[in-house]
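Q: So that we are looking at the same thing, I have put the structure below in structure tokens.
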Amino acid sequence: SAVVEGSQFYGNGSQGVLSWKSAGRLTMKHSEIHSNRNESGALIGEAEASFQYCHIYGNGAAGIVTQQKGIIQLMKCIIHDNDEGVLIQDTGHAKVEKCDIFSNRSNGVFIGFDHRGSATVTDNKVHDNLSKGILVGNSARAVLRGNEEHNNRGLPPRLPIVGAISRQNPSLDKHLNAKSCTGYNTKPNANPSLSNTRPS
């Protein structure tokens with residue numbers, strides 16, 4: 001196990017932080033992960049990591065990724081100007097709480113189409129991202145609650161939304177054409193809209 005506080009991880013050829021294969025629990029506080037131009041800021045797989053009050057920005061891929069049974073907890077972090085903000089995929093697990101996630105080149109939070117782990121995304125501000133604020137691919141174990149999303153540009157019009165779930169998330173996003181969306185699942189469709197949703 002390791003505790004890292006008040007440090008910077010930047011300018012690396014691959015990830016800024018890599019915790020893999022039973023590396024032990026990593027706890028990072030009040031630190032910066034930035035300017036890792038070729039890869040993600042942090043990649044967690046088959047290990048556990050907690051990031052508290054961290055600033056994660058300017059990375060070439062996602063700000064932070066969990067996959068292959070990785071477990072992450074993000075609390076009160078600022079995540080911006082990455083490709084994806086937070087990427088949760090395959091068997092990765094995540095709790096994302098009270099973070100400010102903005103100005104990423106793709107989605108603020110993307111729970112992947114192949115996701116089979118668990119994901120809890122609560123009380124975050126997710127805004128001004130170039131795609132969706134929070135995009136849920138095909139996960140049956142995603143819980144979204146109390147998130148504020150606004151000024152996200154949304155998916156390209158020809159990309160279908162599959163299995164997206166939104167619960168108790170007030171939305172100010174003009175692309176949803178609704179002030180709130182509670183408990184809706186979308187079905188595969190070449191031209192998705194709220195008209196083809198049904199209550200979950």
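Placed from the backbone N, Cα and C atoms, the Cβ positions cover glycine too.
Quick caveat, the model's predicted, so the values are computed rather than measured.
Here TrEMBL flags 2-111 as domain 'Right handed beta helix'. Residues or ranges marked as region 'Disordered' in TrEMBL: 173-200. Taken from TrEMBL, the feature compositional bias 'Polar residues' applies to 179-200.
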Q: Mean pLDDT across the domain 'Right handed beta helix' (2-111), rounded to an integer, is what?
A: 96
Q: Tally of helix, strand and coil residues over the domain 'Right handed beta helix' (2-111) according to DSSP?
A: 0 helix, 57 strand, 53 coil
